[in-house]
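K.L.:
Sending over a structure as structure tokens; questions will come in a sec.
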There are 2 protein chains.
Amino acid sequence: MSKALPVLEVFGPTFQGEGMVIGKKTMFVRTAGCDYSCSWCDSAFTWDGSAKDEIRRLTPEEVWEELTNLAPNNFSHVTISGGNPALLKHMGSLIELLHENNVEAALETQGSRWQEWFLQVDDLTISPKPPSSLMKTNFTILDDIIDRLTKAGRDGFTSLKVVIFDKKDFDYAKQIHQRYPHIPFYLQVGNEDTGDEKKTEDLTSKLLTKYEELVDWTMDDPETVNVRVLPQLHTLVWGNKRGV
Amino acid sequence: MSKALPVLEVFGPTFQGEGMVIGKKTMFVRTAGCDYSCSWCDSAFTWDGSAKDEIRRLTPEEVWEELTNLAPNNFSHVTISGGNPALLKHMGSLIELLHENNVEAALETQGSRWQEWFLQVDDLTISPKPPSSLMKTNFTILDDIIDRLTKAGRDGFTSLKVVIFDKKDFDYAKQIHQRYPHIPFYLQVGNEDTGDEKKTEDLTSKLLTKYEELVDWTMDDPETVNVRVLPQLHTLVWGNKRGV
Ligand code: SF4
Ligand code: SF4
């Protein structure tokens, strides 16, 4: 059991609501644990103890079995999210198992920790956290991560994504984009209504207004030329329900 | 003036609302003329004569000048749309001019006509029209187009996109996906409210409901495994206003 992973959720098939493979049919595996505690974390249950009784230690083979039971012959892509899955040294075994079955793996991490298996991820999103998160980016580590990916020829499998709540976050995002101009860059609207599941329509309209604002900032600014600006599609459609 | 193109609109910067580079900051060049007349065409003014007085014959250099005047140093990507820009033999000169200026070119066509300059397009979307359009796909031509692109190593620069209004369209889309499984494949929600600019919020809610329906069909169906399902973001945000 040395290769077991702390897993909170296995679900799908559903669609990826954000980032570099937005819209893609995918399964989700959500791991427990994070080294950050972002002020607006939309999956705080992965690290704040509130769901600790739901954490299961599963081997890659057990994860694979759950995936194939959920969606027999109906997926070719798995998204590994957290928490911060980059805390888990043995994630590489799950990714290898997916590849052996001709399934691609996407993974998102804030970029606070390097793992050798980053080089195996088909869609790797590095998502440094802007000032509104109240977290501090360690640029020595982030530089090293981007450098290793680039040197290994992984730029085409990597993207940077920054979630934007306010103008200071936007300035931070521009700094990231200018520091690593060779990495595909995504801006994403922040979701301020975490936890409120009742008013999907109000939330949709609020998020679209926020998206339009972020679009305006981005279009007006010559420092954000080669970027993509996206909302969270799943939040537009389903609101803040967990497990989607 | 032999290389002049019939241009209806030059605008931007704005964001690409759909398809393979959804969310990307881009300029738009819209050409006049189409060999189809889809029942739900959202740019019928490009071919139905209603905007014929607005068509200007512009050389690639004149198009480039308009682009740089509109957005000095603020774009790295131009989307060429129509109508069907694949009717224009000389489009290659504009694409070359963009490349000389380190600007990428995206282009969408329904796949009814081959042009050698397809091989230069950075993001080429082939969008065959489903039954609800009342158009008939010529599969001899479409097979030839996909074959030429694949043989030239352009799969990574190409995508197929089918707009879906009903279940028959969905079946057609699956047929396309199975015929060309090696080409990245996008399903897009049809926009049934063409021309009505007054009720953006009602339209948004209707389109999100339609999107959710298409997501459900796609997630349930093992014949659509390696696909991406997307709405039109610009329609969600702005409704059916022209020129966005
Ligand atoms: S890095 Fe991600 S999972 Fe961790 S606290 Fe921040 S938003 Fe939450
Ligand atoms: S191919 Fe495109 S532009 Fe031509 S009629 Fe159909 S939707 Fe309209």
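Using N, Cα and C of the backbone, Cβ positions are placed for all residues, glycine too.
Marked as substrate binding site by TrEMBL: B:Phe15, B:Gln16, B:Gly17, B:Arg30, B:Ser81. Positions annotated as [4Fe-4S] cluster binding site by TrEMBL: B:Cys34, B:Cys38, B:Cys41. If you look up TrEMBL, you'll see B:Trp40, B:Cys41, B:Asp42, B:Gly83, B:Ser127, B:Pro128, B:Lys129 marked as S-adenosyl-L-methionine binding site. What TrEMBL lists as Mg(2+) binding site is B:Ser43. Sequence annotations record features per position, and here TrEMBL assigns domain 'Radical SAM core' to B:21-240.
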K.L.:
Based on Cα distances to B:Cys34 ([4Fe-4S] cluster binding site), point out the closest of the binding-site residues B:Phe15, B:Gln16, B:Ser43.
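P.N.:
Closest recorded candidate to B:Cys34 ([4Fe-4S] cluster binding site) by Cα: B:Ser43.
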K.L.:
Is any of B:Gln16, B:Cys41, B:Ser43, B:Gly83 (binding-site residues) within Cβ reach of ligand 2, i.e. under 6 A, and which?
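P.N.:
Passing the 6 Å Cβ check against ligand 2: B:Cys41, B:Ser43, B:Gly83.
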K.L.:
Among the binding-site residues B:Gly17, B:Gly83, whose Cβ has the fewest other Cβ atoms within 10 Å?
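P.N.:
Sparsest of the binding-site residues B:Gly17, B:Gly83 by Cβ contacts within 10 Å: B:Gly17.
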K.L.:
Compared by Cα position, which of the binding-site residues B:Gly17, B:Cys38, B:Ser43, B:Ser81 is the closest one to B:Pro128 (S-adenosyl-L-methionine binding site)?
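P.N.:
Of all the candidates listed, B:Cys38 is nearest in space.
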K.L.:
For B:Ser127 (S-adenosyl-L-methionine binding site), what is the secondary structure state per DSSP, taken as helix, strand or coil?
P.N.:
coil
K.L.:
If you count the other Cβ atoms within 10 Å of each Cβ, which of the binding-site residues B:Gln16, B:Ser43, B:Ser81, B:Ser127 comes out on top?
P.N.:
B:Gln16
K.L.:
I need the neighbours of the [4Fe-4S] cluster site defined by B:Cys34, B:Cys38, B:Cys41. Which other residues of that chain put their C-beta within 8 angstroms of the C-beta centroid, in sequence order?
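P.N.:
Output for this site, in sequence order: B:Tyr36, B:Ser37, B:Ser43, B:Ala44, B:Thr46, B:Trp47, B:Gly83, B:Lys129, B:Ser133, B:Met135.
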K.L.:
Which whole-number mean pLDDT does the model give the domain 'Radical SAM core' (B:21-240)?
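P.N.:
Summarising the domain 'Radical SAM core' (B:21-240) by its mean pLDDT gives 95.
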